[in-house]
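Copied over from Swiss-Prot, here are the features:
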- Cys24-Cys45: disulfide bond (DISULFID)
- Cys27-Cys32: disulfide bond (DISULFID)
- Cys38-Cys63: disulfide bond (DISULFID)
- Cys67-Cys78: disulfide bond (DISULFID)
- Cys79-Cys84: disulfide bond (DISULFID)
- 1-23: signal peptide (SIGNAL)
Amino acid sequence: MKTLLLTLVVVAIVCLDLGYTLTCLICPEKDCQKVHTCRNEEKICVKRFYDKNQLGWRAQRGCAVSCPKAKPNETVQCCSTDKCNK
């Protein structure tokens, strides 16, 4: 009986998704507080700065599977801890 119970506990632990889910900020404002839970495959928080037609720099934040390459007139910052893309 103890063996059966132990087996059931092990199976339950293996079947549960015990993985860590990253959270990143997702708003463009400088003092962004809007948090988004990333999908399981998204392990990177991204913050992109880009020049918006002489209106100054804008930021775009979110989750990503990998760190994207910067486009012309753009700066990309990537990190991998919760809400690190401030």
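Each Cβ is built from the backbone N, Cα and C atoms, and glycine gets one as well.
For the pair formed by Cys27 (disulfide bond) and Cys63 (disulfide bond), distance between Cα atoms is given as 12 Å, rounded to the nearest Å. Using Cys84 (disulfide bond) as the reference Cα, a 10 A cut-off selects Cys24, Cys45, Cys78 from the disulfide-bonded residues Cys24, Cys32, Cys38, Cys45, Cys63, Cys78.
Across the structure, Cys63 (disulfide bond) and Cys32 (disulfide bond) place their CA atoms 15 angstrom apart. Neighbours of Cys67 (disulfide bond), defined as other CB atoms within 10 A of its CB across all chains, total 14. Look at Cys32 (disulfide bond): DSSP puts it in coil. Reduced to three states, the DSSP call for Cys79 (disulfide bond) is strand. Cα of Cys45 (disulfide bond) to Cα of Cys38 (disulfide bond): a span of 9 Å. Neighbour list (Cys24 (disulfide bond), Cβ cut-off 8 Å, at least 6 residues apart, same chain): Val35, His36, Cys38, Cys45, Val46, Arg61, Gly62, Cys63, Asp82, Lys83, Cys84, Asn85.
Each residue contributes its Cα atom, and for Cys79 (disulfide bond) and Cys67 (disulfide bond) those atoms are 8 Å apart.
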